[in-house]
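Features as listed in TrEMBL:
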type	residues	note
TRANSMEM	6-30	transmembrane segment
TRANSMEM	42-60	transmembrane segment
TRANSMEM	80-98	transmembrane segment
TRANSMEM	105-130	transmembrane segment
TRANSMEM	142-163	transmembrane segment
TRANSMEM	231-250	transmembrane segment
TRANSMEM	270-296	transmembrane segment
TRANSMEM	317-337	transmembrane segment
TRANSMEM	343-363	transmembrane segment
TRANSMEM	375-395	transmembrane segment
Amino acid sequence: MYEIESKGGAIACMILSLMFLGTWPALLTMLERRGRLPQHTYLDYSITNLLAAVFIALTFGQIGDSKPGKPNFFTQLSQDNWPCVMFAMVGGIFLSIGNLSTQYAWAYVGLSVTEVVTSSITVVIGTTFNYFLDNRINRAEILFTGVGCFLIAVLLGSAVHSANAADNEAKLNSLPSNYKDGIGDKETSAPNGTFSNGGETKDFEKAKFGTASFLIELEHRRSIKVFGKSTLLGLIITVFAGVCFSLFSPSFNLATNDQWHTLKEGVPHLVVYTAFFYFSMSCFVIAIILNIGFLYRPVLDSPRSSFKAYINDWNGRHWALLAGILCGFGNGLQFMGGQAAGYAAADAVQALPLVSTFWGVILFGEYRRSSKKTYILLVSMLVMFVVAVGVLMASSGHRKG
C-alpha cells in the first residue's frame, strides 16, 4: 500500500483536502438555490462519495506488497479486525448525519456561517480528542493556540452573520409593501432558469447580487423556503452538525490506531485505506436510508417526492455527482495526512470556510452591497482563519511506528 512518510507529504494532503472539502458544499448549495430537491441531490452525492473511497482503496491501498503490520486492502478484509471496523463505521455514521444536516443549515443560515460554526466546533471538540488519542504527538502550545484562533474566528463569523442579516433586512424594508407580497409563499412559481420548472433556460434575467430584488427572487426559486422562518432552527441544526463532525475524526483515529487495544494480539491495525472503505460504506448506507425516507416524508416543509421522480431528475445531477467525488477524495486525503502527521493537525482542514466563503461570494453573491462594517468583519474573519490553519499545520508531529 502507499504510505505518506513525510511531514511535507502530509501537509500537501491537508491542503488538497482543504480545497476539496471547501468546494463541494458550494455545489450542493448552488443546486438547492436553483430549486433542486435536497433529497435528490444528496442521493446522487452519496453514490460518488462511496465510489471515491472504493477507488482509493483499490489503488493506493493495493500499491506494492503487504508489509508486516501493514497489509494491503484485500489482505485486511479477511482479518479479525471487527472492533476497529466498527469504530470506522461509527465515524461514517457521524459524518453522514452531519453532512445531511448541513444541507438544510446552508439554506437557513447561509453557506459561510454554517461552515464557520461547524468547523469551529469540530476543531474545539474533535482536535482536543485527537490530541490525546495521538499520544500528544502534536506540540500543545502551538496546537491549542490554533484552536484559540478558531474560536476568535467563530466570534467574528457570528458578527459577520449578524451584520449581514441587518443589511438584508434594511434592503427588504426599503421596498414598497406591494412588491414584497408573496414572499415565502410556497405556491409561487419559480422563474425561468430554475430546475423546479423542468430545466434551466437561457432567458432567465438575474437580479443584481446583493439587492433586495435578488433576495426575493432567490426565495421564490429555491427548494427550501426560509423567509419568515426562525434562524434559531437553522443554528440548532448547525450546532448539531458540528457536534457530529467533531466525533467522526476521533472515531476514525481509533479505527486506525487502536488506542483502546480492542484488537486481538497479533492482529495488525486497520490501514487507513481499509478504515476509509468501511467508513464510507456506513456513510453511504445511512445516507440512502434517511434520504429515501425523506423523499416520502420530507423534513422542514421541503417538497414531497418519490424514488421514481428522483431517478428521472437529471437537472444538475452532474454537479451533485461531482460534489460526492470532491468530498470522498477530500476525506481520504485528510485521513492519509492525519495518519502521518497526527489527526489533530489534520483537523486544520476544518479551515474550509476559507474556501467556502470564497465560493459563496463568487457564486452566490454573499455580502455583495453590504455595509462597510460587514466587509471589515468579513476580512477579519478570513485573516483569522488563515492564521488558524497555519498554526494547526505548524503543530503537526510525526507518528512513530
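Glycine is treated like the rest: Cβ placed from N, Cα and C.
By the count of Cβ pairs under 8 Å, the stretch nearest in packing to the transmembrane segment (317-337) among 6-30, 142-163, 231-250, 270-296, 375-395 is 6-30.
Stretch with the largest number of CB pairs closer than 8 A to the transmembrane segment (6-30), among 42-60, 105-130, 231-250, 270-296, 375-395: 105-130. Through the fold, the transmembrane segment (375-395) approaches residues 11, 14, 18, 116, 123, 127, 138-140, 142-143, 145-147, 149-150, 152-153, 156-157, 159-160, 163, 344-345, 347-348, 351, 353-354, 357, 367 of its own chain, all at least 6 residues removed from its boundaries and within a Cβ separation under 8 Å.
The transmembrane segment (270-296) makes contact with the transmembrane segment (80-98): 3 or more of their CB pairs lie within 8 A, with pairs spaced 6 or more apart in sequence. Simply put, out of 42-60, 80-98, 142-163, 231-250, 231-250 has the most Cβ pairs sitting under 8 Å from the transmembrane segment (105-130). Note on the transmembrane segment (142-163): residues 109-110, 112-113, 116-117, 119-120, 123-124, 127-128, 131, 344-345, 348, 350-351, 353, 367, 370-371, 373-374, 377-378, 380-381, 384-385, 387-392, 394-395 of its chain, located 6 or more positions outside it, place their CB under 8 angstroms from a CB of the stretch.
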